[in-house]
Amino acid sequence: MHSNGILRSASASLRRVMAICVKELIQLRRDRLTFAMVVAIPLIQLLLFGYTINTDVRNVPVAVVDQRDNFFSRQLIEDLQASQVIKVHTHLETPQQATDWVRAGKVSAALIVPRDVEKRFYNDNQEPIAQLVVDGSDTILASALKGLSDFPFDPSQPPSPRQLAKNITVDLLYNPEQRAALFTVPGLLGVILTMTLTMFTAIAIVRERERGNLELLIATPVKTPELMLGKLVPYIGLGLLQVVIILLLGRFFFDLPVVGSPTLLMLCCLLFIFANLGLGLLISTRAPNQLGAMQMAVFILLPSILLSGFMFPYAAMPRFAQHLAEILPMTHFIRLTRGIILRGADFSDLAGDMLFLALFFIGTMIEALKSFRKKLD
Amino acid sequence: MTEYVIEAEGLTKRFGDFTAVQGLDMQIQRGQVHGFLGPNGSGKTTAIRMMCGLLDISAGNVRVLGLEIPEYAEEVRDQVGYMTQRFSHYQDMTVRENLMFLADIRGMPRKQRTARVDEVLGEYNLAQITGRLAGDLSGGQKRRLSLAGAVLTQPQLLMLDEPTSEVDPNTRRDMWSRFFRLAAEGTSILVSTHLMDEAERCHRLTILNQGEKVADGTTDELKQRLPQSVVNIHGADVSGLADSLSDDGQILAATQSGLSLRVLVDRNVGDPVGYVRSRVGNQYQLAQIEAAIEDVFVAATMDTSDA
Ligand SMILES: Nc1ncnc2c1ncn2[C@@H]1O[C@H](COP(=O)(O)OP(=O)(O)OP(=O)(O)O)[C@@H](O)[C@H]1O
Ligand SMILES: [Mg+2]
């Protein structure tokens, strides 16, 4: 008898959650702009950011000073060029000349192959075999070229593009900073999810308040957690859809490999989606109107882009900014995805960041539930 | 024994320094159509919102269907149909989608759902426009949708906030005959309105003015209790008379309609017709007529200074 009653009220509750879900989906379907944004934002941002950053580190014009000028040195230059990171722009006579060219901005870097290049190569003393003078003013470019210091060079092999490409790939996995697209895509995934999900949910409740729908809604038997859950579920699906779009595009356009476990990656994305939805709902219960909600969402989005390690290396930020970054879900998400996608990190490496996202979601949901009252005042 | 579906005692709502509803006592009997009257801003919507548990109560208390509000507001939601004054359905959903949503959220059994939605669509003359977005409806169509939504789950108690504003006369008559049919079946209805012919038809009325109750009772009681007599002045040129009469201490109001002027004369005046004649002269036909609810309303809401 009693358990029957519980069962009945649980099914009534489920039905109300479903009703809200269906309503949200109907509205989402009618809102062409929002719907288009879900697909268009990932596509445009990925192509825009992914390609601009990517092309920057390819075919960088360099001046070459080949002081050895024999088969060995020519093959080294040839191999480096085959990596497509640099492109020989001119040959110069002296290192001084080359440095002047870099200073004058005529080339982005100068490659100086010393007279004793072969001796350096066959010695075991870790001496650099050649020098690359890089224009450091463009940090992204500089860091990409810096990666060439680990360039695998084997003079016994004739230059074969395929083999070289493979070498680079292997090289990149352990030094992800070298190819920006691989580094950018996981970050973009975070930015796009934050942008769309936080914004959509940030207006979810305040919009109903502003349009007057809330007066009718709260006069029905729907309970606050049911309302919140019903509004969350459709956006979980939406977020996952975006994840799939971004990862597929990343794979298609940038050969984005996923070194680690795809299941783990999806789980992290899911946690991050939840964290953003919780935050969005919290904003929505606190904001005075839709514009206010948008402003609050942007207020979260900006530091997420700037402080999370997406734009600037986390390690290089001042202590204060690092502490601030730690409370942003995005910082943890970027760590997680870069770890899984580029390093093949496993669960034990990631547990801390995953736990943070889970707690962040629970915390924001509790706050959202507390600050939403079924009242008009 | 009379059973009250709404009992308010000293119900008060303050917004900051401003008191929107002040010490309202009100009882609504089961199976009655209870009219809620008052000028704009007199606190009708605010009072109804408190009764629905949508606004915090500043002072006093209210019981709805025997349960204290707001403590038990959730428990009575099932049994109360509320029609908001401001259109509150989803503008980007169709008429049918809105009603289906309400049926689901109010827990109507799945099997009955479609049949019942179709039924109210027919009753409120929405069957032709079930696929139209609610935001595209005309003013009167929106009201009809709201009303259909309020009665959808056949609640015991309806609180209708100006259901007939923007509605054409035929639809209005139709709606009112439905109200009485529902009342006859045991539904209790609290309905706010600005229309005097509607007020005239209610079983009982409560009139608010500036947040306070100024009159309360059946329509007959209210008319009998009216502290004025009504004198009708008929003649060719009554329009000039209104101003000259209203500065009189014994005359509360003079309202023109066509070639007639309705004058409210204090009951203290023994012979109201003679009194008015002494003021206007002999060229008019005068007669004492029965009071109407409009007179009650005017008398009740005029004697306070405008703030
Ligand atoms: N949230 C609020 N904050 C401040 N004042 C409010 C609020 N809601 C209502 N009021 C004020 O309370 C008074 C009563 O408003 P209410 O809407 O109850 O009037 P009403 O009788 O329904 O009027 P109408 O006939 O125009 O619908 C008005 O003066 C209004 O400005
Ligand atoms: Mg009102």
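Keep in mind that glycine also has a Cβ here, set from the backbone N, Cα and C atoms.
Keep in mind that TrEMBL annotations are predicted by a computer and have not been checked by a curator.
Annotated domain 'ABC transmembrane type-2' per TrEMBL: A:149-375, in sequence order.
Residues annotated as transmembrane segment in TrEMBL: A:33-53 (among others). Here the transmembrane segment (A:33-53) has Cβ contacts under 8 Å with residues 140, 180-181, 184-185, 188, 191-192, 195-196, 200, 238, 241-242, 245-246, 249-250, 253-254 of the same chain, all six or more residues outside its ends.
Residues or ranges marked as transmembrane segment by TrEMBL: A:180-206 (among others).
Summarising the annotation, TrEMBL assigns transmembrane segment to A:232-252 (among others). Taking Cβ pairs closer than 8 Å, the transmembrane segment (A:232-252) reaches residues 17, 21, 24-25, 28, 38-39, 41-43, 46-47, 50, 181, 185, 188-189, 192-193, 196-197, 200-201, 258, 265-266, 269-270, 273-274, 276-277, 280-281 in its own chain, all 6 or more past its ends.
For A:264-284 (among others), the entry in TrEMBL reads transmembrane segment.
Residues or ranges marked as transmembrane segment by TrEMBL: A:296-316 (among others).
Annotation source TrEMBL lists transmembrane segment at A:350-369 (among others).
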Chain residues in Cβ proximity to the transmembrane segment (A:180-206) (below 8 Å; excluding those fewer than six residues from its ends, i.e. six or more beyond): 24, 34, 37-38, 41-42, 45-46, 49-51, 53-54, 56-57, 140, 144, 172, 214, 227, 231-232, 235, 238-239, 242-243, 246-247, 250, 253-254, 256-257, 269, 272-273, 276-277, 279-281, 283-285, 287-290, 292-294, 296-297, 300-301, 304-305, 308-310, 329-330, 333-334, 337-338, 341-342, 372
